[in-house]
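Right, one structure below, let's go through it.
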Amino acid sequence: MRERLEALRKEAEVAIQAADDLEQLRDLRVQYLGKKGELTAVLRGMKDVSAEDRPVIGGLANEIRSQIENLLAEKETAEREAALEKRLAAEAIDVTLAARPQPLGGMHPITAVVEQIEDIFTGMGFVVAEGPEVETDRYNFEALNLPQDHPARDMQDSFYITPEILLRTHTSPVQVRTMEEKEGQVPVKIICPGKVYRRDDDDATHSHQFYQVEGLVVDRGIAMSELHGILAAFAEKMFGMALETRLRPSYFPFTEPSVEMDISCIKCSGKGCRMCKQTGWIEILGAGMVHPRVLEGAGYDSERYTGFAFGMGPDRIALLKYGIDDIRHLYTNDLKFLRQFQSV
Amino acid sequence: MLVSYRWLQKYVDLKETTPAQLAEALTRGGIEVDVIENRDGGVEKVIVGEVVGMEPHPDADKLRVCSVDVGTDELLQIVCGAANVAPGQKVPVAIHGAKLPGGIKIKKSKLRGVPSQGMICSAKELGLPEKLLPKEQQEGILVLPDEAGIGTDVKEILGLNDHVLELDLTPNRSDCLSMTGVAYEVAALLDREVSLPQSKEAATKGEKPLELVLDAEDDCPFYAAQVVEGLQVAPSPQWMQNILLASGIRPINNIVDITNYVMLEMGQPLHAFDYDQVTDGEIVVRRAHPGEQVVTLDGVTRACDAETLLITDGTQPIGIAGVMGGANSEVKETTTTLLLESAYFAPPSIRKAARKLGLRSEASSRFEKGVDPERIIPALNRAVELLGEYALGKPASNVKTQSLGGSNEVTVTLRHERLIGVLGVQIPEEAVQDIFRRLRFPMEKGDGVYHVQVPSRRPDISIEVDLIEEVARLYGYHRIPTTLPWGQQSPGVLTEEQRIRRIIRRTLQEVGLFEVLNYSLTSPARLSEVEFPLATGYRPIRLTMPMSDERKVLRTCLIPQLIETAEYNVHRREAGAQLFELGKIYLSDEKKLTQLPEERWELAGLITGETLAKHWDQEAQSPDFFSVKGILEHLFLRLGVKDVSMRSARYKGWHPGRTAEILLDGTPIGLLGQLHPQVEEAHDLGETYAFQVAVAPIITKVEGVIPTARPLPRYPAVTRDLALVVDQEVPVAQLEATIREIGADLVESVTLFDMFTGAQIGEGKKNIAYALNYRAEERTLTDDEVNLRHDEIVAQLSTRFDAKLRQ
Ligand SMILES: [Zn+2]
């Protein structure tokens, strides 16, 4: 009996060691430890063993059973690991292969700039207002201190539809519309982005259609220093860098004093380069204190209230900010161009 | 306005101020200097020489060998090819080592074997502006005046040691359209002295008749004239020609040049009529009769209307006031007596006439902005003085004036407190007083106020805020600090509409579409290519004066330009295009607008060609109807818009079998479909899908809607498949509607997971397979319940659509 058990132990050890996959191990488990397995068969012969030998043989049989169990378990674990290793090795890929592209379009750079402008000004408490692109002569000109014979009407030759109706030449009419709607209430604090139109031949720096963002603040005690403060804060946020601003006198019929604001050149930081025509300065917007006639015309007492207005061109800002050399690129919609702004 | 630095120096002290510093001061003062041009163009070592001898070249017909005296011990031998070279002439000589504009260097050389010790120069070679040169200077060498001293630097003679500042004047600063005005401005900015020429009325014994009649009071309230006789027409002096050239005006002859010179100097345009052509020495200023014609001195016959202001001699027109003289009264070589006009013409009248006749001149542009009435007579005196000096003219009448309306002296009051309030900077009273001194505005100081007398040269100043601007300008805008507004603060926000438009843009960008911006103006032909039902019946709004046929009307649909954009890109080797535009269309049903049109925000998209390129493990992808429909549904899902449905539609320019009307709550809001193959072909596009939807109804639908959370399902769902055979024409949307209607509270979702046709199904039939999810909110559904409802659905589908259950 003992010999048979020892022989079984040897045989099982060899067989388990020789097995090289999990299936064989499963078979071996059945073969040795199963209900009809060899160990069971041997143990069935226990009845022939003498009573005093029984515990010893029984002990030995149990020892062999657990030994085979362990051997099987170890081997199984090893095999499972090997199989996993093998699978993982087979599954290896070249991680440097190109990705399967996900669709991604892009926003137009002008829209991007307009949104940036909106975000900066809403952050400073401005409300975004809109108005019609097809305007009356009254809102586009008359109410902005530009009567019929005003010489400044030459500056912005316009597209008329009838003698009274035209495509707006600036977003300034929204100023007047907003003030009229507010019926003398303060504060007025708006920006109005939108398309405007002028009779210009399209070339590298002109477009018959372009964008403008107009701004207006009306309240008690608004001074030119506030105009400077708000617009300097805007410029810094827009171009994302510390820059200097300077105001220069200018002329707009609907503001007085009128200013143009320059920023220190974003390319050369004011040292002088081609972009700033060696001046170190780049003009980015026009502004001024709202002309008393405009305030009065829109129902605001110009003695009690003052205000400032400004206008800037997102097209021009896009050209500056993104280094675009020709305004026509903005309206050609060449995908090779638009793709450059997927991250804006 | 072009300003010669050297000339300006005569009128205002520019000591220790370089042209660049002057430009900076002007720009900072609001007179923007666009360009500073160095007139010498790099000319060096070009001196005055006299041609003392001239021989033919032994080996070249057209060349001459000249002996030139340049003031050195020896004569220079110079080979010259110009036809006009002649002994006795003073000429510009580029000697050995000279430099000419464009970096050209002159050295001793040999021309056809004959040594040449320099070059005799033409005007062009010296960098003079070619188009302004008189005819005789456009070809051959430049002949200098006899007075030019031999050996003198030619830059001195031609005034090339100079800089010209190009001013970009704003419309309010017409006072700077003259050297006098610029001198006052510079004097104020830099706090310098001015010294301006003062001419008195010349004494005369002449008795030539001169009568002035003003018959158009509003257009010409003031007119002055004088007759000058004994004139000799000749070239004007070199210095005057130099100044005119520097100022961008072509020298013609002494008479014309003097009138132009005085205009530049004083800002007052003058006109000279040939006195002998003016009947009886009478000038009548009147409006034109309808249909009256004038031949202007450029030889063109101009038709006038009742608004055109004419200068006539009582019988016939001799000029269009302020715009151009008549051919009949033009000053010619033979003119000896002239009538010199100096007048005030009202800006609107001149602006209209100049625009109508398409004539813009230096004179009209000054009248258009209003000339200084105080300078009308001084300018006349100045011109008569110069005519005496440079054209032998003698006054043959007194200065005659005719004036309607009184003087317009303006006094404006400025409150110190208001000044501080508007500028936000504390300027001391003394500083303000000093600014008015620099401006040469007479001022009387009151208690906290300044009473300022505004000179007539500054018509732009008439109210308090004009003075505030003047003070700010001279105080320096750069000294205005930055402060932030205080007081009541309001939250800054986008409108709901703007916020939703942003979501639309972002969503479409993220599914692969590129935003484009097209022009609002387009052509009617382009618009008519593709029909857009929501704009049908509206006629595109036309411009009265379009710049081109391509930009003639306001768009009524966005798709045609998207097609154009796609075509443009495909022609530039793009394999496809995925585009969208969020913009307005403009609609009016009026024939002639009496009110503003409707401006409708629309969203349009176009997808053509490859949407994804062939990849190492993926085939190239291209759009079909359902991928584009998917984009729209994705967008609606993102926006939370429900109740969108589609139904098949047929419109011009669209594929008749692959186009759908998009409905929101049953109302059409747009179109989605494949473009008609003929349209695709016309634009070199492959299969192309487009859509356009109105934005407003979408916004109305989602504005302010906040999603409310529902409890998560607590009871299990039961899934049943439903395979049906129906006629191919039956739209599946109707089947689904029936399933949902009957399924009501029990059917949670309906998913179409299979659809096919084929012989096994039968001709004209399709097989449709749905997975239905049943679930009740408050209990576990029993099989019986589900079966009952499922059978009811099948029964209804069968009655309504003749659907057969497929086992
Ligand atoms: Zn720079």
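Glycine is treated like the rest: Cβ placed from N, Cα and C.
Residues annotated as domain 'TRNA-binding' in TrEMBL: B:40-155. Residues or ranges marked as domain 'B5' in TrEMBL: B:407-482. The Mg(2+) binding site feature in TrEMBL is assigned to B:Asp460, B:Asp466, B:Glu469, B:Glu470. Marked as domain 'FDX-ACB' by TrEMBL: B:713-806.
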Task = Select from B:Asp466, B:Glu469, B:Glu470 the binding-site residues whose C-beta atom falls under 8 Å of at least one C-beta in chain A, and return them in sequence order or as 'none'.
result = B:Asp466, B:Glu469
Query = Within the chain of B:Asp466 (Mg(2+) binding site), which residues six or more apart in sequence place their C-beta under 8 angstroms from its C-beta?
reply = B:Val412, B:Asp460
Query = Between 0 and 100, where does the mean pLDDT of the domain 'B5' (B:407-482) sit?
reply = 94
Ask   = For the binding-site residues listed here, B:Asp460, B:Glu469, which shows the highest count of neighbouring CB atoms within 10 A?
value = B:Glu469
Note = the domain 'TRNA-binding' (B:40-155) resolves under DSSP into 12 helix, 53 strand, 51 coil
Task = By DSSP assignment, list the helix, strand and coil residue numbers for the domain 'FDX-ACB' (B:713-806), in that order.
result = 31 helix, 32 strand, 31 coil
Message = Is it possible to list how many residues within the domain 'B5' (B:407-482) are helical, extended or coil according to DSSP?
response = 34 helix, 15 strand, 27 coil
Inquiry  = Applying a 10 Å Cβ distance cut-off over all chains shown, what neighbour count does B:Glu470 (Mg(2+) binding site) have?
reply    = 26
